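Worksheet: one structure, shown below.
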Amino acid sequence: MTDRTCLSIVLAAGEGTRMKSNLPKVLHRVAGLPLVCHVVNAVRGTGKSDVALVVGRGAEDVRSAVEKIAGPVSAFEQKERLGTAHAVLAAHEAIARGYDDLLIVFGDTPLIEAQSLLAARERLAQGADLVVIGFRPASPHGYGRLIEEGGQLVAIIEEKEATDEQKKIGFCNGGLMALRGQHALALLDAVGNDNAKGEYYLTDIVAIAHGKGLNVTAIEVPVDNVIGINNRAELAEAETIWQNRKRRELMLSGVTLIAPETVFFSYDTVIEPDVVIEPNVFFGPSVHVASGALIHSFSHLEGAQVGEKAEIGPFARLRPGADLAEKSKVGNFCEVKNAKVGKGAKINHLAYIGDAVIGASSNIGAGTITCNYDGYNKFKTIIGDNAFIGSNSSLVAPVEIGDNAYIASGSVITADVPADALALGRARQETKEGRAKILREKYAAIKAAKSVSK
């Protein structure tokens, strides 16, 4: 396959009116990634392929989203909506460059897998001229039927045009196709619009190709591979299927999920073997968790790196730039953002650590805050190795605390603290014997006077 050139035409011009959204349909997300980007990733999984996007509303946004994951692509606007074959021909310029294979896919089918598309391309390599991707749903009602004779696909018949006998066929059209490049333009140009809607249907090329004596065949893929997204309910269903795939993949690779159905991953989440994830955990984009880590319940991770045997949560939040070394700990009700946490360092309770470096084996007490923002600019806090930050301390950045330094509880630290130093930044306590009794009597009298006046 590696020596066959390929053009993948991604049809992404649909209006998506049933989504009831200002956002183009193909930019809605499954697992944090736009639908169309899932499709492009699947295409790229078949080997080297140029991509031609057929776009409509939000064309530049769609193109930009795809180019973030795939690099430069060609985009062609479908100015009129005259059917699927018409949409493919919007990319006429790209097709005319000449390719061994053409893949025709839809930008709203995020669950298509690379191996399904690769199977279609392999059929082309074996001599087929046109390969249609089909599936067998539990009920074929409403789907176009794939009509086969003698091992060849001869036509696609829509439900409303099918005979009673044809309606019994369970093999249905998934819409996606692979086409030998040398025949592509001739077949597409032969599609007419002699139908009730006056549109050019891509499905017609099956009968056209068969009539020309070409080798036309179909392959079967799992039903979920060809699910199209038309509304928010179907978007949620696709999310569920994607998450279930990812959960199974991770568990089979050696990750323990205590309650799999409650853990949600992003398209690029990487979890190494021997990680344990408790219930109700959410992974945003760009998270890597190293072997042996423990993620407790109700934690939220995004843009974070978690080292070997680190421990997170429960109720912890790791934001972009959080980088935790091995055996470090971020405990309950802690937030870490754009900070490096050294080996064995502990941030156990009720803390905010932002724009900081925490040295190895340092201990950050409960209620510690790095005051990193003055309303205009961010500033950095640097804490050395084996430092102890007492509870309820405020570290006003920019500030540096040396190795083995000790910050007394309740301190507000505004100046650098040298290594091995003790810093106290709080008012001296005053204790006045008997004053509590006097205050109680005073306040009780005031309250009683207010009650009488009412």
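The backbone N, Cα and C atoms fix where each Cβ goes, glycine too.
Site annotation for acetyl-CoA in Swiss-Prot covers Asn372, Tyr373, Ser391, Ser409, Arg426, and the matching candidate from Ala366, Ala415 is Ala366. Only Leu11, Lys25, from the binding-site residues Leu11, Lys25, Gly83, Arg319, Tyr352, place their Cα within 10 Å of the Cα belonging to Asp108 (Mg(2+) binding site). Annotation for the binding-site residues Gly83, Gly144: lowest Cβ count within 10 Å of the residue's own Cβ, Gly83. Ranking the binding-site residues Leu11, Ala13 by how many other Cβ atoms lie within 10 angstroms of each Cβ puts Ala13 at the bottom. A separation of roughly 42 Å, to the nearest angstrom, links the Cα atoms of His349 (active site, proton acceptor) and Lys25 (UDP-N-acetyl-alpha-D-glucosamine binding site). Residue with the densest Cβ environment among the binding-site residues Asn173, Asn230: Asn173, by other Cβ atoms within 10 Å. DSSP assigns Ala13 (UDP-N-acetyl-alpha-D-glucosamine binding site) to coil, not to a helix or a strand. Here the region 'Pyrophosphorylase' (1-232) has a mean pLDDT of 94 out of 100. Taking CA atoms as the reference points, Lys25 (UDP-N-acetyl-alpha-D-glucosamine binding site) and Asn230 (Mg(2+) binding site) are 8 Å apart.
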